[in-house]
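*Asks:* Positions annotated as compositional bias 'Basic and acidic residues' by TrEMBL: 867-883. The domain 'G-protein coupled receptors family 3 profile' annotation in TrEMBL covers 577-851. Look at TrEMBL and you will find 860-883 tagged as region 'Disordered'. Taken from TrEMBL, the feature transmembrane segment applies to 577-603, 615-635, 647-668, 689-710, 741-762, 774-796, 816-838.
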Amino acid sequence: MKNGCVNTLNVNLSKMLRGCKDVCSETQPHSIKIEGDITLGGLFPVHSRGPAGVPCGEIKKEKGIHRMEAMMYALDQINSDPDLLPNITLGARILDTCSRDTYALEQSLTFVQALIQKDNSDVRCSNGEPPIIPKPERVVGVIGASASSVSIMVANVLRLFAIPQISYASTAPELSDNNRYDFFSRVVPPDSFQAQAMVDIVKAMGWNYVSTLASEGNYGESGVDAFVQISREAGGLCIAQSIKIPREPRPGEFEKIIKRLMETSNARGVIIFANEDDIKRVLEAAKKANLTGHFLFVGSDSWGAKNSPILNLEDVAEGAVTILPKRASIDGFDQYFTTRSLENNRRNIWFAEFWEDDFKCKLTRPGIRGNSGLRKCTGEERISRDSAYEQEGKVQFVIDAVYAMAHALHSMHNDLCLGSMGVCDKMDPVDGRMLLSYIRAINFNGSAGTGVMFNENGDAPGRYDIFQYQLSNTTNPGYKVIGQWTNHLRLNAEDMQWSGGDKLVPDSVCSFPCESGERKRMVKGVPCCWHCELCDGYQYLLDEFNCDMCPFDMRPTPNRTGCRPTPIIKLEWSSPWAIIPVFLAVMGILATSGVIITFIRFNDTPIVRASGRELSYVLLTGIFLIYLITFLMIAEPSTVVCAFRRLFLGLGMCISYSAMLTKTNRIYRIFEQGKKSVTPPKFISPTSQLIITFIFISVQLLGVFIWFGVIPPHTTVDFDELRPPNPEYARGILKCDMSDLSLIGCLSYSMVLMVTCTVYAIKSRGVPETFNEAKPIGFTMYTTCIIWLAFVPIFFGTSQSTEKMFIQTTTLTVSMSLSATVSLGMLYIPKVYVIIFHPEQNVQKRKRSFKAVVQAATVSTHLSQKSSDKQNGETKVEPDRSQ
C-alpha cells in the first residue's frame, strides 16, 4: 500500500511539473544545480538590468560569467582536496540576480523553501495514508551577492532563516551593522575602509576642497556618506558639493552635474562612488564641456582598474586615482577558464550565451532562427586564443568566499563529527547559527596568499592597491600601481603624473595658503575657505588668524612673522643736513678767531679802545660760543653732550646780546642824560658795564643749573618722530631729552635780551655814527630779528616731517650762525678792515669832555631836523644853543 501511495504521488507531481513547465516556463527562474552532500547557494549578476518591464538584459561576461565560473572552479578544487572536507562533496544552487535587487530577492526564496513549514495535513494517498514528499534541497550558506543593494535585500531574508552569507564584492558600510545583518560576512573590506583610504589619499595630495559624486543606491550613497563622515572627523577637508546621480537619469542630467561641479571650480578633486555606466557618462559630459584635464577624479573600487568606463575617454580620465581591494590573478583559474568549451561546460546553463557574446557568433538552436548578420559558431573557438581575455578582478574574492565557507564547515565537522566520514547526524541539518560562529573564526591563506579572516562585524581587513591612469610619457598607457593601503597609506608620489605628464600635484583647494605676513579671515560655515588679509602698518602675524602690534621700539620683519628692533639713527657728520651748518660754523669760528687775534694784537690802538675793549671781548666770546654750539648739536648725543647743549645753546646768544644790550643802554643813557644835564650818568665805566653784562648772563646760567637739578641731562631714543606708514622707513632717533618747547625756553631769555636791545637801538637811532657803534648795533639787531622771525615758522612748520630732527637741527644751527655772522660782520669786520688796511686812520684824536660830546651830538641832531624841514618846504631859523 505504501509503495502504491508513493507511486501515485510521484505520478501526480510529474503531471504538476509538466503543467507548470508549459504554463510558467517564462517566469520560473533558471539556475545551476551541482549535486553534493552539502549545498551552497550562489548569487551572481549573470545578466545586466533589463529595460522597463523586463527583469534581465544582456549577459555580463566578466562580472557575471567569470565570477560564477570562479565559484564552480573553487568547488572543483575543494571537492578534489583530500584534506579539506574529506568524503564530503560540496554542491551548489547558483542563481542569476540580473543586477536588480528586487529580482534577486525573488530568486533567493529558492534558498529558504526547504525551511518553510508546509501544512500537508489535507493531502492523502488513495489508501488514506499521508503522502511521502521529498524534502527540497537545503542550502546551508550563500556565496554572494555582488552589488551591495542586492546583498542588503537578500541578507534581510536569509537572517530570518539563519543562513550565513559571504559576499565577494559588496562593500557598503551599512552591511557592517552586526545588529541588522548578523549573518552577513564578506571577504572584501567595507567602503568605510575604502573611504578612509580615499581620505588619506586626498590629504596626501594636499587637497582640502573636493566634491563627491554618488550613484543613487546603497553602494554610492553609503560610500560617500562614509567618506564625508571620516573627512569630518579627521578635519582639514571640506566638501564643496555632494551630488547624487539618479538611478534613472534624464537626458542632459550629466551635463547639469558638470555645470554644478563648475560652480565650485576650485574643487577640482572629485570623489566618485558610482557604477561603470555613470562613471563613463560623467567623463563624456566633462569632455563635451571641454573640461578635459580640469577634474581630478578619485574613484572607488567600482572604477578600480577597469578599462570599460574610460574607453575612448582616456584623455579625460588621465591622472585619475582609483582604489581596488588588493588582489592577484589566479593562474589556476585562467587555466581552468580558458579550457572551457561548449562540450565540457554543460553544467553552466548560460555558457552558450556567453560563447555567442564572446566570439561574436550565433549558435544554431532548435526553433530559433539565426541572425544573418552574425557568423555561425563552430564550437572550435577557444577563449583567449580567439577572443580577448583578462581575469575579472573579483575572481580571487569569489574563490576565497567559497573556501571560507568550506573551512568553516571543515572545522565544524571536526568538532561535531569527531572524525567520522561524511556528514554525521549532528550536521544534518547544519545549524546556521553555529556555522556562522565557525565562519567568523576562520583564518587561512587565500588563493592569492593573503590572509582571509573576519572581524566581529564580518568584515575582511582593509587591503587596497592604489592605481593611477597614466597616458603621457609612458610606452604602455594604462593603470599603474602607485601605492598601497593597509590600515595606513603608502603612496609613491614620485610615480604619479598628471595631465600632460606633469609631475606636480595639481591643487584642489578652496583658498590657497596665505602669503607670509597675511592672516586668514575664515569664510563662515566653510572651514577650508578663507580670505587673506595683510597685517599692515606695524602689525605682525601673531598666529594663523590674528595680527598684533609690534612693541613701540620694534617694527615687523619683512615677512611680518615677527618683530625686529627699529634701527637707531642720529645726525651724521657726513649728512647734507650737517655739512652746511658745520661749514658756516667753521668759517665763523675762523673769522671770530681772526677778529679776536687782531684785537689782541692791536689792543691799545684807538679803534680797539674806542670800541670798548672789555665788552667787545665778551661779545666776541659769545659769538664764538654761538658758532661752537653747531658742533654740539650735531655730535652723537650722550649725557655729557646733552649737558653741554643745555649750557651753551642759550649761553652764547645770552653773552652776545647781554653785551650789546649793555652797550646800547649806555649810549642811550648818555645822550638822554646830556639833554638834561652835563653830568654823566652812572654806571658807564668799563667795570660797571662788565658787571651789568655778567648780571644778565648769570640769569641764564641760573636757569640752566635749575634745569639740571630738576631734570638731569640724559639721552633718549624717540621712536615716534620717524614712524611713517611704511615700517621699513621707521627709525628711532637718538637725541637729547630736550623737547621743542624746552629748546625754545632755553633760547627765550636770549630772545628777550635781543628784543630789548633792538628797542634801545631804535631809541638811539639819532646818535651820530661816530658815537660808540649805536647805528651798527641797530642794524645788527634789525637783521637778527628778521632771521629769528624766519626761524620760528620753519622750525615749527616741519614738526610733521619725517626728517623733522634733521631740518630743525639745521635750521637752528644755521639761524644761530647767521645771527652771529651778522653781529660779527657789522660790528667788527669794518674795524678789522681799518686796522689792517688803513692803519693811518687808526690814530689818536683830540679828547673832548662829556659836555663837548653832548653839545656836538645836539648840534648834529638840530642839523638833521633842519635838513628835514627844508625838504618839507619850510625854513625856520633858530638860535644856536650849543655854545
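Even glycines carry a Cβ here, placed using N, Cα and C.
Just so you know, TrEMBL annotations never went through curation; they're auto-generated.
Quick one: where do these features end up spatially?
*Replies:* Long-range neighbours of the transmembrane segment (577-603) within the same chain, counting only residues 6 or more positions beyond its ends whose Cβ lies under 8 Å from a Cβ of the stretch, are 571, 613, 616-617, 620, 623-624, 626-628, 630-631, 633-634, 803, 806-807, 809-810, 813-814, 817-818, 820-821, 824, 828-829, 832, 835-836, 842.
Residues 571, 573, 578, 581-582, 584-585, 588-589, 592-593, 595-596, 599, 608, 641, 644-645, 648-649, 651-660, 662-663, 686, 689-690, 693, 809, 812-813, 816-817, 819-820, 823-824, 827-828 of the same chain sit 6 or more residues outside the transmembrane segment (615-635) yet have a Cβ under 8 Å from a Cβ within it.
With a threshold of 8 Å between CB atoms, the same-chain residues lying at least 6 positions outside the transmembrane segment (689-710) that come near it are 612, 614-615, 618, 643, 646-647, 650-651, 654-655, 658-659, 661-663, 665-666, 683, 742, 746, 749-750, 753.
Remote same-chain residues near the transmembrane segment (741-762) are listed as 646, 649-650, 653-654, 657-658, 660-661, 664-665, 667-668, 696, 699-700, 703-704, 707, 774, 777-778, 780-782, 784-785, 788, 812 (criterion: CB distance under 8 Å, separation of at least six residues from the stretch ends).
Beyond its flanks by at least six residues, the transmembrane segment (774-796) meets 660, 663-664, 667, 740, 751, 754-755, 757-758, 761-762, 764-765, 767, 807-808, 811-812, 815, 818-819, 822-823, 826-827, 830 of its own chain at Cβ-Cβ distances under 8 Å.
Long-range neighbours of the transmembrane segment (816-838) within the same chain, counting only residues 6 or more positions beyond its ends whose Cβ lies under 8 Å from a Cβ of the stretch, are 581, 584-585, 588, 591-592, 594-595, 598-599, 602, 605, 607-608, 611, 616, 619-620, 623, 626-627, 629-630, 652-653, 656, 660, 773, 776-777, 779-780, 783-784, 787-788.
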